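**Q** Below, the features straight out of Swiss-Prot:
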BINDING   D34, D88, E160, E162  Mg(2+) 1 binding site
BINDING   R47, R72, E160, G244, D246  DNA binding site
BINDING   D181, D183, D246  Mg(2+) 2 binding site
COMPBIAS  413-493  compositional bias 'Basic and acidic residues'
COMPBIAS  502-526  compositional bias 'Basic and acidic residues'
COMPBIAS  535-548  compositional bias 'Basic and acidic residues'
COMPBIAS  549-584  compositional bias 'Low complexity'
COMPBIAS  587-603  compositional bias 'Basic and acidic residues'
REGION    349-357  region 'Interaction with PCNA'
Amino acid sequence: MGIKGLTKFIADAAPNAIKEIKIESLMGRIIAIDASMSLYQFIIAIRDSEQYGNLTNESGETTSHISGLMSRSIRLMENGLKPIYVFDGAPPELKGSELEKRGEKRQKAEELLKKAKEEGNLEEIKKQSGRTVRVTRKQNEEAKKLLTLMGIPIIEAPCEAESQCAFLTKYNLAHATATEDADALVFGTKILIRNLNANATSNQNKNKNNSKRGYILTEINLEQVLKGLNLTMDEFIDFCILCGCDYCDTIKGIGSKTAYNLIKEYNCIEKIIENIDQNKYQVPSNFRFQEARKSFINPNVLPKEDIKIDWNEPQIEELKHFLIKDYNFNELRVTNYINRLLKARKVTTQRRLDNFFTACTKKSTKLIVEETKKEQTLPARKGKKRPTAGDKNKQKAVKRKIEQANANGHHKMKEENKSVDNEKNEDGIKSVDNEKNEDGIKSVDDEKNLDDEKNLDDEKNKDDEKNKDDEKNKDDEKNKDDEKNKDDEKKSLDNFSSNLFDSDKESESGNIIKNEKQNMDDEKINDNLPSLFGDHSRIRHTENKDNISDINNNNNNNNSSSNNNNISNNHFNSVSSNSTFNSSTKLKSEDTLKSNSPLKEDSPNSYNNIKNNNHTININSQINNHKEPISNNNLNNINNSTEIKKKNTLFLLPFCPKDVTNVKKKKYTQRC
């Protein structure tokens, strides 16, 4: 019968614990099936449609349970399930009163069935015939023989089949329990499957348009039930006893809802009985709830060591003889069953992916060894641990002991220890020794840890200082190298500029520098003339200037055409024409100076020696370039213009050879 209203209450209070699954989801799973419940279903379901009687052989023996058990087992195996059938043993003593009640109900149903047959009421016949069904021992033995010939394992429980199935799931020998009795959850089955038998043999859940639709089954998870109801296993057992079970009577007026509220408030049946209203809720005089609790917690089941589950090959010849000769089954039907059985056994040999990928909860010895090695090789963490109050007290105690040992000496300590050991008992000696060893070990470990930490800190500080010194040296070397590179670059630039504008080199810039030097020398000579010749020199110098201006005017008039031609020609031709003109002017100026000079030609301070300076040549060259009468202001302007040209040439003039005519024409004559 199970627990009254349990599945309905679970569906309402803990809906996550119940779910519908397909039979394909159980592929490769071992399912423990309540055999007596299955046989009861077969005898009720498989009947003659005319008289609603059982299928029988020639001798009148019932064969409904054999045909139903064989067809269902083959269908489960075809879907990949591995069934294990568990048969009931002797009923427990607590169930005696329940069995008496069932016997009385069966007698009443037989009386009603006789009346329905006399009246010809088919609906009443069908209803009452199901209540009169009873599975006999002979039928159980016939079912056991059939399953052994098919190679399917069976287990004979010493007591209840539901309790044995539940413990198979606890032993991890089965995945779930297939039964209609909800008391399998109270025995502790992990997963309960309902409607497996009905759905596996009927077509009621198939869709006409889609015949390949899988069967829908109901699965109840005990762990989710306890979470949803927020109960412990002991509280859940007391709750089921209050709802109504096969092992004791129930308290009148208490259903599943009130039982749940009372358990949540008082946690156990004893407190409920003490605090319950006896007038409202009548407790039975023989309320054996404690014995029922024990039977649920410690049922009479086979231990794990005594359980043997063997999957054997089917005995085909013996199976044929058993079905055809003993129970008059059709031979074609039997051969069809056997062929299906052989194919189904190949399907059951397939394994699930869960079997290949199982979770390992224990660490292997290799992992443990590797972890210990890593912990030993790991460097100590930076910084010191903050000592706690206990550590400080231990350190103080260690220091005191050391001071006392140094003061008294090792010999006195030994004598005191001997006297103390003689006075104490053996138990006291052991306790003291253990405490001393622990304190000594701890103190030594603390000292070692402190020394290790200090050494590590010193080594780290040294390494940091070395790294800082190395970084400073590297920075100094880099700065020195940078300064050297800068000095080398400056020197190279100075050399480059000196090469470009060196007076000794044959370049236009060199000639400009020479001319500037000559101008500076001429200015010095002009400044020194008054000191050498006095006022007379000034007169002569002015006369010389006048003569030079007259010569310049004449030459400008006579040679204007030639100079214009020279300007239009190349730069090199202009240089040659100017040189000839300078030579002529030089001769004329020399004559005038000779005639007017009162000094001797041989005197070292004579004007004839000074006239050989490049002063006149420089002046004449400037006259040719400017073509204007030269005065002191004009000379200053010329000097300023030369300085401006000098600055411009520093930035504009490239380096090129003096005699450009001798250089061959190429695409790249010379790069600047």
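Quick reminder: no glycine exception, Cβ is built from N, Cα and C everywhere.
Could you tell me the structural context for the features on the list?
**A** A C-beta separation below 8 Å, combined with a sequence spacing of at least six in one chain, links D34 (Mg(2+) 1 binding site) to V86, A161, E162, C165, T177, A178, T179, E180, D181, A184.
Sequence-distant neighbours of G244 (DNA binding site) (same chain, six or more apart, CB under 8 Å from its CB) are I3, K4, G5, T250, listed in sequence order.
Taken residue by residue with DSSP, D246 (DNA binding site) is part of neither helix nor strand, so it is coil.
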**Q** Where the distance is taken from Cα to Cα, which of the binding-site residues D88, E160, D183 turns out closest to R72 (DNA binding site)?
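**A** Closest recorded candidate to R72 (DNA binding site) by Cα: D88.
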**Q** State the mean pLDDT for the region 'Interaction with PCNA' (349-357).
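**A** Overall, the region 'Interaction with PCNA' (349-357) comes to a mean pLDDT of 56.
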**Q** DSSP secondary structure for D88 (Mg(2+) 1 binding site), reduced to helix/strand/coil, please.
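**A** In three-state terms, D88 (Mg(2+) 1 binding site) counts as coil.
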**Q** Determine, for the Mg(2+) 1 site, the additional residues of the same chain whose CB lies within 8 Å of the mean position of the CB atoms of D34, D88, E160, E162; present them in sequence order.
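**A** Surrounding the site, in chain order, are S36, M37, V86, A157, A161, S163, Q164, C165, T179, D181.
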**Q** Looking only at C-alpha atoms, tell me how far E160 (Mg(2+) 1 binding site) is from D183 (Mg(2+) 2 binding site), rounded to the nearest Å.
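**A** It is 11 Å, counting Cα to Cα.
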**Q** Using a Cβ-Cβ cut-off under 8 angstroms and a sequence gap of six or more, which residues of the chain neighbour D88 (Mg(2+) 1 binding site)?
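**A** The answer is A35, S36, N140, A157, C159, E160, A161.
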**Q** Expressed to the nearest Å, what is the distance separating D183 (Mg(2+) 2 binding site) and D246 (DNA binding site) at their Cα atoms?
**A** 9
**Q** I'd like the Cβ neighbour count for E160 (Mg(2+) 1 binding site), meaning other Cβ atoms within 10 Å of its Cβ, all protein chains included.
**A** 27
